[in-house]
């Protein structure tokens, strides 16, 4: 990941090959543009991998608007980031549950789902997740829009029992699209 | 598609099963929330299916932010919409080209690609498209963020030779993610 403190890849530039707990420790106030040259990364609003989450796959992100994809609040801040360990796409597997604590109706996923309702999931919410393999991103609205939450088989043993465990900025269990994260 | 003139499914309500060329003709100033109950739809900023495009798959969209996914300009307007004819996911096929008029290096697509660079496409742009079957949405940034452009085998015979043919709001050929639209 290569980051800049100005939009459109201008200003102070630094390249990272591993996680950054706090960009201020590297002399940045915040990040305003970035390029992902290899792998998949998770960006976070706050230091210490807290707050709103941003999935960053290979490509160019010239402004905050390019990676946020959510209007719920507009902080223009990215303060920490880390790599995501992905599985091969064909091997990614996850179970979703209607209720908290892996209860209620369940669905087995091994593909990308821009609309869970269109795939027969009878609700606009998912209350718990078990990521068996790979890394996934679920989104509040259909078409991968709105708040994003990253789910990894390597974190929490892949178990997310309640929306408070998906990330510190989740306010509800509203989830209408889910896809695998691409290395 | 069910639409409301207030956010969160409040106010004047109307159900449609076919296209609407101009919501003002149905007594709406604009749409502020909507639910897709069946099929996939395309929403447009302006009347007559013009301006910024929004892919709408099954699910709930309580506010403008839920369907826009782009910050490039914030008009909070949807003035027309129409159904999209999708193919079965397994049968969707498209060819992308490095240069305008179907020239230069090409790539054959039959899956969803949250990052074209990660799949080996050596650029952050696609200059022309040929949609052989199905309906597709390409996006400006990785992870299906930023401006969206709808590409259908049933429109223009599936041929999009230049970014001016993808939609009246396209300013560049910057395209970093592409996926099939889900019925």
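The backbone N, Cα and C atoms fix where each Cβ goes, and this holds for glycine too.
Unlike curated records, TrEMBL annotations are generated automatically.
The domain 'Beta/gamma crystallin 'Greek key'' annotation in TrEMBL covers B:1-38, B:39-85.
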Secondary structure composition of the domain 'Beta/gamma crystallin 'Greek key'' (B:1-38) [DSSP: H/G/I, E/B, coil]: 7 helix, 16 strand, 15 coil
Composition by DSSP (helix, strand, coil) of residues within the domain 'Beta/gamma crystallin 'Greek key'' (B:39-85): 5 helix, 22 strand, 20 coil
